[in-house]
Amino acid sequence: MSKTNYSVAVLAGDGIGPEIMAAAEQVLDAVSNKFGFTLNREHHAIGGAAIDKHGKALPQSTVTACENADAILFGAVGGPKWEHLPPDEQPERGSLLPLRKHFGLFCNLRPAQLLPALSTASPLRADISEQGFDILCVRELTGGIYFGEKGRSGEGENESAFDTQRYSRKEIERIARFAFEAAKLRSSHVTSVDKANVLASSVLWREVVTEVSKDYPEVKLDYIYVDNAAMQLVKQPSQFDVLLCDNLFGDILSDECAMITGSMGLLPSASLNQSGFGLYEPAGGSAPDIAGKGVANPIAQILSAALMLRYSLGQDEAARTIEKAVAEAVAAGVGTPDIFPNAGYTTNDVAAAIVARI
């Protein structure tokens, strides 16, 4: 019998975080009632709110709560109020990065879906955007050039700097398996992004991904160089299902995927570790300029909650129900001003419309 009682650490954070989190919790209440499972949610301070209350962006009490939870639902952190602090003490670097490191969150999932009702919001040409697309960017988050040896030396004309791209077989294999497992829940197609024509690390990447693919005969695998991937995302994004990327390539391409949808307020993300424990958050920021005005788009937070249900709590049917309700609400023209400028819907209106469709 599958588990029906879960513990979730809710970290709403700053700016629009509390507003969009409240909307997501309304949706979680509706879907948990429908499917008969219980979500025990504990709310804890994070980011600027935690600095104000506890003197640091990531208090130990919050870390402990996360350790005792099945998943973390994260809102947004940061704002002008805390920009005077040293960089490592500011909300973003002082909370999100340490959480990722503490829990070994090496797998970043960034879905990018263009709903038919929003095809005109996409910056892509109409004949391309009208086809729609549904892409999942799987990015390795803790290895590669961002974490390799780096430094500077010399002076004047002889001054130089270097960064080192390094990947181990183990790091590549575990992210590849996540991509193939994710593809099984989708359209069973993985495209591995590399630069194997010039980079030694990409040669190993391609070799390991090929080996892992043998354990997933039902999943189609193809390869693409990163420069071509950047072009094809603009030319024909509908050809992709799961994009498997290293840290650097995934950092760039996941933002491109996000931008061609037309609204960051629609895009969720997940960061997972080896055991499936994850941190789920909207792809956008804390947007302090619109905080408290009731116009923040809650859909990215709501879809992040759906990802949590799917990947950490094993409630895929509940996740699909949320995603379907979101699509239906948007198709009916329900949305905040960032996607429907003249519709007049508030954050709470959007949440209510989605709940009504569950």
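In case you wondered, yes, glycine gets a Cβ from its N, Cα and C as well.
Some features that Swiss-Prot has for this protein:
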BINDING   79-92, 285-297  NAD(+) binding site
BINDING   Arg100, Arg110, Arg139, Asp227  substrate binding site
SITE      Tyr146  site 'Important for catalysis'
SITE      Lys195  site 'Important for catalysis'
BINDING   Asp227, Asp251, Asp255  Mg(2+) binding site
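Positions of Swiss-Prot features highlighted on the structure.
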| residue | record | Cβ neighbours (10 Å) |
| --- | --- | --- |
| Gly79 | NAD(+) binding site | 22 |
| Glu83 | NAD(+) binding site | 11 |
| Pro87 | NAD(+) binding site | 9 |
| Pro91 | NAD(+) binding site | 27 |
| Arg110 | substrate binding site | 24 |
| Arg139 | substrate binding site | 27 |
| Tyr146 | site 'Important for catalysis' | 14 |
| Asp227 | substrate binding site | 12 |
| Ala287 | NAD(+) binding site | 24 |
| Val295 | NAD(+) binding site | 18 |
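Put simply, Tyr146 is the one of the recorded positions Gly79, Tyr146, Lys195, Ala287, Ala291 whose Cα lies nearest to the Cα of Arg100 (substrate binding site). Under the three-state DSSP scheme, Pro87 (NAD(+) binding site) falls in the helix class. Counting only same-chain residues six or more apart in sequence, the Cβ atoms lying under 8 angstroms from the Cβ of Ala291 (NAD(+) binding site) belong to Asp14, Gly15, Ile16, Glu19.
Here the Cα atom of Pro91 (NAD(+) binding site) is found 20 Å from that of Tyr146 (site 'Important for catalysis'). The CA atom of Arg139 (substrate binding site) is located 13 Å away from the CA atom of Tyr146 (site 'Important for catalysis'). Here Arg110 (substrate binding site) is positioned 9 angstrom away from Asp255 (Mg(2+) binding site), judged by their C-alpha atoms. Listed binding-site residues: Asp251, Asp255. The one with the lowest count of other Cβ atoms within 10 Å of its Cβ is Asp255. The two recorded residues, Gly79 (NAD(+) binding site) and Asp251 (Mg(2+) binding site), have Cα atoms 22 Å apart. Under the three-state DSSP scheme, Arg139 (substrate binding site) falls in the strand class. The Cβ neighbour count for Arg100 (substrate binding site), using a 10 Å radius over every protein chain in view, is 17.
Under the three-state DSSP scheme, Val295 (NAD(+) binding site) falls in the coil class.
Cα separation, Pro87 (NAD(+) binding site) to Lys195 (site 'Important for catalysis'), rounded: 33 Å.
Arg110 (substrate binding site) falls within a strand when secondary structure is assigned with DSSP. You'll find the Cα of Ala287 (NAD(+) binding site) roughly 20 Å from the Cα of Arg110 (substrate binding site).
Spatially, by CA atoms, the recorded positions Arg110, Lys195, Asp251 include one closest to Tyr146 (site 'Important for catalysis'), and that is Asp251.
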